[in-house]
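The structure under discussion appears below in the form of structure tokens.
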Amino acid sequence: MSTAEEQNLSADGAAHLDTIFKQKKALRSLVKRDLKSLDPSLRSQQDEAIQRIVLEAPWFKASKRLCAYISCSALREVDTSQLLSHILQKPSTESDLQMRKKLYVPRVEDKNRNMRMLHISSIEDMIANSMNILEPAPIDAEGNDREDVLLADEPVDLLILPGLAFDKAGRRLGRGGGYYDTFLTRYQERTKERNWKQPLKIALSYSVQILDEGTIPLTPNDVLVDALVSPSGLIPISPAALEICH
């Protein structure tokens, strides 16, 4: 292939990506508008329903180590406060202690898509950042660095993910920062290196955030989710998610 042909091909690829980014931007505006017009009491009911479904799910109960996002009301993300409280509650018996899950939550490091998932064991481990979103402090109360999930010796079995919109093929539309796709790609590489099983990727979604299949355009960096939890229940997508339904 000549240099000119290669340049044409890369120009076509760049133009195609540019079109996809424009489509995503337009889609984000539509979904944000729909979220904004969601009645607060209905949103609150959906928050309750989604979290109850997760808390009662066998796949959640069986998880030992997981990553979960800390919801931000201003961004109209599905609430995770009940999930986090449940995971972080102090064990009162020996069997509670054995059942206790290990939790990692996100900390954005910079504007270049770098986000770490750090281990916390209490709500007090979090501080508000410049955007008033709770994040784990990088150092714990004893002055030690918090454990980063990408450096941990054991795999997580569950990732609870946010997003702006989803479709029933598992496509996820983020907010455009690329933080989650970058993290998910890195974590997939880590699991392959260590020969670990891929964790189950479950996204929480209000009804208005679920779009028709194929509506969300894909770029090579986009990572698909295994299942959605909507107010009406679990929507399994991947073979791994279908397996947990039986």
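From the backbone N, Cα and C atoms, a Cβ is placed for every residue, glycine too.
Residues annotated as ATP binding site in TrEMBL: K24, K25, A26, L27, R28, R172, L173, G174, R175, G176, G177, G178, Y179, Y180. The substrate binding site annotation in TrEMBL covers I70, E77.
A separation of roughly 18 Å, to the nearest angstrom, links the Cα atoms of K24 (ATP binding site) and E77 (substrate binding site). Counting only the Cα atoms, the space from A26 (ATP binding site) to I70 (substrate binding site) is about 26 angstrom.
Shown are the binding-site residues A26, Y179; the one with the most C-beta atoms within 10 angstroms of its own C-beta is Y179. Other C-beta atoms found within 10 angstroms of the C-beta of L173 (ATP binding site) number 21, with every protein chain shown included.
Residues K24, K25, A26, L27, R28, R172, L173, G174, R175, G176, G177, G178, Y179, Y180, recorded as binding ATP, reach a greatest CA to CA spacing of 20 Å. The Cβ of K24 (ATP binding site) has 20 neighbouring Cβ atoms from other residues within 10 Å, across all protein chains displayed. L173 (ATP binding site) and I70 (substrate binding site) have their C-alpha atoms 18 Å apart, to the nearest angstrom.
Rounded to a whole number, the C-alpha distance linking I70 (substrate binding site) with Y179 (ATP binding site) is 14 angstrom.
Cα separation, R175 (ATP binding site) to E77 (substrate binding site), rounded: 11 Å.
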